[in-house]
């Protein structure tokens, strides 16, 4: 079973605040799901490739010319994007001070 | 007050009537609005019905009066809440997007607007499309119009229920692991998951970017084809979108492969009976039915529940309380994030983000994500090989008819509802669910669907098989 500490570390990595009760539930749920998906361990890695080869054969690569596109795709949308900000001052998003002295 | 019959016709039939001036777009939206008034209080298919639909209809009627004639001109649509319509709320049925107003049109919406479609409202869904029942919505579950004690399927359950209850003539959903096809199956509709890239993903709230596709839910195959032809196409705003000629066209054959070994266990006997009856009907229409083997397909669901949460955990990192939606304050920057995300996301979303973070974390990456990627390759190679021999692969869309609300409280049991649908998302193939009659449960007739999968770019084979089955 996935440990309480592992769940808490993952939650911190994922920036999720969880209650103690949820940590417990997730220990059980994540363990059950991992047990099920474990089946993929039977997949054989073909010789000459590694587990990090990506999904090359699944998808067909479609290349395009590296040229400038006409017009700005976001033209006229600036104000709309700014309007979505939860906290705004003028044309700036308000964020918390990150660098401390 | 009864429901309006006018809203129960197909898009194709409505387009004919509109063209012949037998009805107006205004008549159609009024019929839909009436049915919404009668049924949606209990069904909960719509999160919001827009307040300007009659004005939209009048505009469509004016466009027709001026000589425009697209078959979707004046057709009222229900749109899933993860597809952006400029100036409208969009929230993926999540509290974390509370108050968010879309700043641009999704490409699919732009194309429907150009054609003259009307948007009735945005429909309920599992939060961020995480689910197979629409029970994971932050705004309460949607009910199945055929039996209100049951789920409509998910995650596009609101779009499916809206259509099945004649509260729209067409609808758009999104499909990451079956989210169009499974609700189509549970609600007696046609549901198409196009080839990966055939329809632009620009303006969809992303779930699993290597899996997601938008597509239609409709009453007939012809309607699905019509919508697909309207919304497909290469788009500079989605670099994964493909054109007409990306994949070679196949010749229209009539061979259907059935991977019978995959459903010897775990499939409802009545569902299987309907499936066999449908195959017999296809034989009578000149189709040849052959047995095929897809040995890696038994791993598909395990692969999916690694790849999908991995992509979910990365895609959902953007919901941080800074750029849009909910923003909660703690005592530090870390706490701002953790509080906003902990409270803004619902339990299933939190579970998937955690699972994705786990399978991608150092030390586990190769064992889970790496292995899943290898299995995904094998699966894709098998499907491609099989589709060189047959034109379509057929299986029941879901192992059972619609289940009861609250029945699948264990997450893993819910995930098993996707067992036959996830393969097409992992391999990028197009797949469609077509109604194959109904089964009786608790005295209610519950629809079930048959799924066809075709080669990349060969939606035509799906429409052909679907139409053959649809003909009386």
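Note that Cβ sites are derived from N, Cα and C of the backbone, with glycine treated the same way.
Annotations in TrEMBL come from automatic prediction, not curation.
Note that the structure is a prediction, hence the values are computed from the model and not measured.
Residues annotated as active site, charge relay system in TrEMBL: B:80 (among others). Counting only residues at least six positions away in the same chain, the Cβ atoms of B:122, B:123, B:125, B:156, B:158, B:159, B:171, B:172, B:173, B:174 sit under 8 Å from the Cβ of residue B:80 (active site, charge relay system). When secondary structure is read from DSSP and collapsed to three states, residue B:80 (active site, charge relay system) falls in the strand class.
If you look up TrEMBL, you'll see B:155 (among others) marked as active site, charge relay system. With a cut-off of 8 Å between CB atoms and residues at least 6 apart in sequence, the same chain places B:125, B:126, B:129, B:130, B:131, B:132, B:134, B:136, B:173, B:174, B:176, B:179, B:183 near residue B:155 (active site, charge relay system), listed in sequence order.
DSSP gives residue B:179 (active site, acyl-ester intermediate) a coil state; it is part of no helix or strand. Per TrEMBL, active site, acyl-ester intermediate is recorded for B:179.
Among the features that TrEMBL reports, domain 'Amidase' is placed at B:27-462.
The region 'Disordered' annotation in TrEMBL covers B:131-158. For the region 'Disordered' (B:131-158), the residues of the chain that approach it from at least six positions outside its boundaries are 39, 42-47, 78, 80-81, 93-95, 123-125, 164-165, 171, 173-176, 178-180, 182-188, 191, 217, 346-349, 398, 402-406, 408, 414-415, 417-418, 438, 441-442, 444-447, judged by C-beta separation under 8 angstroms.
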Neighbour tally for residue B:179 (active site, acyl-ester intermediate), based on other Cβ positions within 10 Å of its Cβ: 37
Tally of DSSP helical, extended and coil residues in the region 'Disordered' (B:131-158): 2 helix, 3 strand, 23 coil
Integer average pLDDT (0 to 100) for the domain 'Amidase' (B:27-462): 96
